[in-house]
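Feature list (source: TrEMBL):
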type	residues	note
BINDING	A:128-132, A:H191, A:R236, A:292-296, A:320-325	ATP binding site
DOMAIN	A:11-98	domain 'Phosphagen kinase N-terminal'
DOMAIN	A:125-367	domain 'Phosphagen kinase C-terminal'
Amino acid sequence: MPFGNTHNNFKLNYKVDEEFPDLSKHNNHMAKVLTKEIYGKLRDKQTPSGYTLDDVIQTGIDNPGHPFIMTVGCVAGDEESYEVFKELLDPVISDRHGGYKPTDKHKTDLNFENLKGGDDLDPNYVLSSRVRTGRSIKGYTLPPHNSRGERRAIEKLAVEALTSLDGEFKGKYYPLKSMTDAEQEQLINDHFLFDKPVSPLLTCAGMARDWPDGRGIWHNDDKTFLVWVNEEDHLRVISMQKAGNMREVFRRFCVGLQKIEEIFKKHNHGFMWNEHLGYILTCPSNLGTGLRGGVHVKLPKLSTHPKFEEILTRLRLQKRGTGGVDTASVGGVFDISNADRLGSSEVEQVQLVVDGVKLMVEMEKKLEKGEAIDGMIPAQKRLVTYPGINLH
Amino acid sequence: MASSFTRILSSKRNVGILSLVGGSVAAGFLLHREHVTAGEPLRRRYPASAEYPDLRKHNNCMASNLTPAIYAKLCDKATPNGYTLDQAIQTGVDNPGHPFIKTVGLVAGDEESYEVFADLLDPVIKERHNGYDPQVMKHPTDLNATKIQSGVFDERYVLSSRVRTGRSIRGLSLPPACTRAERREVERVVVDALSGLKGDLTGKYYSLTLMTEQEQQQLIDDHFLFDKPVSPLLTCAGMARDWPDARGIWHNNEKTFLIWINEEDHTRVISMEKGGNMKRVFERFCRGLKEVERLIQERGWEFMWNERLGYILTCPSNLGTGLRAGVHVKLPRLSKDPRFSKILDSLRLQKRGTGGVDTAAVGGVFDISNLDRLGQSEVQLVQTVIDGVNYLIECEKRLEKGQDIKMCSSGSNVPNTHLAGSGSVL
């Protein structure tokens with residue numbers, strides 16, 4: 001159980017064979033990597049805050065996965081988890097992030113001016129644009145592991161930082177446990193409110209403990225910049241607006257993030273980051289940029305084209321339904337976003353979205369006119385840092 | 001009966017436990033408060049006041065009794081196995097409760113939890129168990145089914161009879177805290193013992209991980225199969241971890257004696273049959289339990305039990321006897337009578353729908369069972385159910401004939417000739 005690490009020493013009275021989980025029916029990254037040898041080597045270790053291997057892998061044991069969807073199956077409890085348990089996490093990271101090696105370096109680029117174009121996606125097709133990422137605050141443990149005291153301290157610090165923003169970022173914080181009914185209704189209507197996690201992927205990792213203590217939503221008065229506090233990560237930062245001006249969304253994203261980071265640094269609690277893994281987040285799938293930049297776009301014809309999936313893969317994009325991950329598309333409207341997180345920069349990832357969506361809208365228009373699109377099908381996009389390997 | 005629960009541990013358990021407790025005397029592993037030493041205190045970066053949970057919207061026994069002072073006193077303690085207060089109360093913090101239903105809101109991770117966290121658990125037990133004070137009272141255990149009087153119901157009304165309890169294996173952590181190895185050991189110990197049952201108790205074990213599709217379907221059709229817990233009361237306490245590893249169901253060939261392994265407790269033991277022969281159900285219950293106990297003792301194990309709290313189970317609500325004896329009974333008229341709830345209360349009975357706790361009654365058929373668990377023996381509680389159900393059936397019959405219910409003049413609704421047990425323990 002999270003935060004009760006003293007139990008770990010007691011466990012060592014049992015042999016590896018007796019404790020090793022039964023992963024025979026499992027299909028997630030953790031289950032594919034964890035051997036008895038690795039388990040044996042890491043089981044008596046713990047991070048300085050007391051997070052243990054069994055804590056890391058519990059969610060993957062409890063959620064065997066799906067034959068077609070490969071979940072990660074492990075989480076970090078703090079920044080040091082990625083070091084102490086690297087023997088497990090490095091191969092998981094490599095599998096999840098297209099062969100990323102322990103020696104690779106990740107590039108961070110939040111200079112929105114480096115983005116080319118992106119302000120002219122056709123609003124007849126692109127209904128909305130959004131960029132999100134996560135940030136963890138150095139010196140605190142992560143949502144699977146933190147205590148109520150820590151979580152409240154994170155909330156306090158986040159609120160201080162956010163309420164000091166001004167200009168286009170002037171806004172207000174709504175703590176989950178004390179918001180009024182009217183506020184709650186408004187946040188639901190704005191599609192801002194996040195719920196207590198019900199996904200067992202999260203609950204089995206202990207991320208819903210003490211709900212709704214220490215959780216809340218901050219957003220600016222314009223409702224274009226939004227921060228979730230203490231949901232799956234310390235902070236989830238979201239920039240969004242209707243229609244297709246992804247450039248503007250990304251500008252606000254970069255500027256807002258950098259302002260927030262400065263304030264945290266002043267309090268001696270910068271963001272968790274290193275040059276190998278980029279921004280450190282709870283789930284290994286969100287390492288690197290932690291960025292998912294995407295649009296809701298109408299592609300009724302293209303989405304039924306036999307080469308749709310291949311086009312997405314080549315463009316390094318993924319599709320989801322408009323309810324988010326695990327939902328189906330409605331009325332031919334898809335959520336299209338970048339598939340990569342680690343090994344390429346924020347600018348590079350958003351560039352892929354901008355360029356890819358532009359191309360797909362053009363394909364859609366061609367298909368509307370009854371024309372073929374075979375000549376438009378792109379070559380496989382490759383990442384700059386290492387040779388392109390298709391991601392799942 | 002109590003004297004047979006000598007507090008001897010098998011040697012293999014001693015070695016592990018003593019090494020953790022740092023040399024305290026073997027007997028000190030057990031139940032007198034002054035002998036139990038807590039494990040290593042936790043690293044804590046925040047003061048207790050910063051960690052104290054926000055319980056203002058909560059309505060459960062833990063929230064009613066956990067003061068900041070008690071929290072501060074206990075938050076740095078741990079049981080010898082490393083179980084902490086925060087872990088014990090997590091389910092109550094995560095499940096604020098309901099204005100009308102008061103849940104317990106905490107669990108034990110091991111036998112020592114009831115000692116190390118007694119400052120919280122004793123008042124919770126007192127509240128939940130009707131004033132039973134673990135600091136001064138003793139709990140009677142009595143599994144002598146021959147003492148039961150009457151106990152065969154009118155089958156025009158009683159459709160089925162059932163008695164269940166739980167048992168924990170001393171020396172192994174409970175479901176909220178156990179490691180995979182411990183859970184597997186519970187399974188091994190119990191399955192091994194059950195394979196020694198004979199006669200009408202001969203049966204077979206079905207492991208959840210290994211059962212075939214047919215076996216699964218049969219168990220579902222028999223209403224024996226238990227599911228992975230979905231109730232947040234259980235999942236927030238960590239009881240569903242590693243599912244379905246080391247979980248399973250054992251039942252006898254006649255399908256009248258059933259044991260769940262590693263669900264909410266180490267074992268849940270159920271005796272049941274169609275019809276109204278509660279006496280026979282209880283007789284088999286007692287016989288089966290005693291046999292299982294004998295078989296595990298042969299192998300050097302024993303059940304968790306002490307004279308303060310009776311049988312030790314995961315949830316404080318199941319201490320004492322851990323016993324719920326009940327029937328499915330047709331009471332279409334009585335259940336509509338406005339006095340129904342009060343009558344049940346005065347009989348120390350509770351009603352549930354026929355799907356179990358949290359379900360509604362269907363077709364006027366109710367699950368009627370004892371309310372109490374701790375402070376009265378198994379025989380006393382089963383007798384209470386028998387007398388109470390007989391009375392309810394009488395009421396139903398009178399209502400059928402257009403007569404009014406007969407209330408007892410003594411103030412209680414049931415002639416208590418059968419309740420004058422000595423309360424002594426065999």
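Every residue, even glycine, has its Cβ placed from backbone N, Cα and C.
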Secondary structure tally of the domain 'Phosphagen kinase N-terminal' (A:11-98) (DSSP, helix then strand then coil): 42 helix, 6 strand, 40 coil
Entry from the binding-site residues list A:R236, A:G294 having the most other CB atoms no farther than 10 A: A:G294
Neighbour tally for A:R320 (ATP binding site), based on other Cβ positions within 10 Å of its Cβ: 18
Three-class DSSP secondary structure - A:R236 (ATP binding site): strand
Neighbourhood of A:V131 (ATP binding site) by C-beta distance under 8 A, where only residues 6 or more apart in the same chain count: A:I238, A:S239, A:M240, A:M246, A:V249, A:F250, A:F253, A:L291, A:R292, A:G293, A:G294, A:V350
Protein Cβ atoms within 10 Å of A:S128 (ATP binding site), excluding its own: 20
